[in-house]
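These notes concern the structure reproduced below.
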Amino acid sequence: MKQFLVVLLILSFVHGIIRVPLKRQKSMRKILKEKGKLSHLWTKQGNEFLQLSDSCSSPETASEPLMNYLDVEYFGQISIGTPPQQFTVIFDTGSSNLWVPSIYCTSQACTKHNRYRPSESTTYVSNGEAFFIQYGTGNLTGILGIDQVTVQGITVQSQTFAESVSEPGSTFQDSNFDGILGLAYPNLAVDNCIPVFDNMIAQNLVELPLFGVYMNRDPNSADGGELVLGGFDTSRFSGQLNWVPITVQGYWQIQVDSIQVAGQVIFCSDGCQAIVDTGTSLITGPSGDIEQLQNYIGVTNTNGEYGVSCSTLSLMPSVTFTINGLDYSLTPEQYMLEDGGGYCSSGFQGLDISPPSGPLWILGDVFIGQYYSVFDRGNNRVGFAPVVFYETTTNGA
């Protein structure tokens, strides 16, 4: 009888886990660079491209820097409606809303992506409220709708989401994603929309109120990574998870004890705040600190991009984040990004987040790619452990 109960518990746990394969594709930065548009983007956006105001705290509107999504390379699939309409999205722990382009959107960015057709879904319910997010110098606007959302065969009923009818500039036009699915706390959501993961919890679709993220940093691998909703994969990391308490519920915000370069504490000597964000590819920090950090690691500024010849990586120092008493080190090979042609760009970027939310550091994919990350809503904490890299051979539960 005891063995039967153990087996039953295991089966129940597996049933409540949703494994979402992540694909790794070219980032907007690489696409824009190949098309010769990157320097124009830096010039056009100016400082606003690298600033985030505290207006994101308002439930009616939000402000996001375009730079957050410029380097994102990891995407997953969802569907909305009945019959299902497919979309490629960023699973973003730095925001809380779900939005996709609407068929009524005529912006260039929309016409090049999958667009939601409410009239073709038998489960669609109109909401009609306006939706607004500011991205850099442009705005994403739309209306709210309600429909079922499916992630890897698991369907969330009555999910409120945004249908964008206008998207900013030409930047999203070159992106590999249609929309964004936010995984942050509900109080960060525009228009007080309940996030998808919160509805999964409320509708008993996941076994545990947490999720794990693995990002494969090998550019030659077909396996981009995996998002596990309702659990985490112990085979993806070594040792034990180091649990870090959330300091402010909104973003997945934590305390960083200090930041070292070559073993010497340079930044955050008295501690500082950081958010763990799958929707930001790089590691960002206050622009003054990041400029110093670029000098410490030895990269040079060329047309707004910091980098060096890849042949010099062995001469560069490691950068270490001390979090909850443990050191998380990144080698030059881990924090520098190979752009091709023997050039490597810095994985650090200046981003000024104004008070009261900031200043903040953002631990994006450059960090998460080296440390498996578990986001635990039930206990309001984040767990980290060194990633174990291996190729995925099956999609088993």
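Backbone N, Cα and C define each Cβ position, glycine as well.
If you check Swiss-Prot, you get these features:
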ACT_SITE  D92  active site
ACT_SITE  D277  active site
DISULFID  C105-C110  disulfide bond
DISULFID  C268-C272  disulfide bond
DISULFID  C310-C344  disulfide bond
DOMAIN    74-385  domain 'Peptidase A1'
CARBOHYD  N139  N-linked glycosylation site
SIGNAL    1-16  signal peptide
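Measuring Cα to Cα from D92 (active site), the recorded positions that fall within 10 Å are D277, out of C268, D277, C310, C344. Look at D277 (active site): DSSP puts it in coil. Summary for the active-site residues D92, D277: the Cβ-based neighbour count within 10 Å is maximal at D277. C272 (disulfide bond) sits 41 Å from C105 (disulfide bond), taking the CA atoms of both as reference points. Separation of the C-alpha atoms of D277 (active site) and C105 (disulfide bond): 28 Å, rounded to the nearest whole number.
Mean model confidence of the domain 'Peptidase A1' (74-385) amounts to 94 (pLDDT, 0 to 100 scale). Comparing Cα positions, C105 (disulfide bond) lies closest to N139 out of the recorded positions N139, C268, C310, C344. Residue pair C110 (disulfide bond) / C310 (disulfide bond) shows a Cα separation of 37 Å. In this structure, the C-alpha atom of the residue listed as 'N-linked glycosylation site' lies 32 angstrom from that of C344 (disulfide bond).
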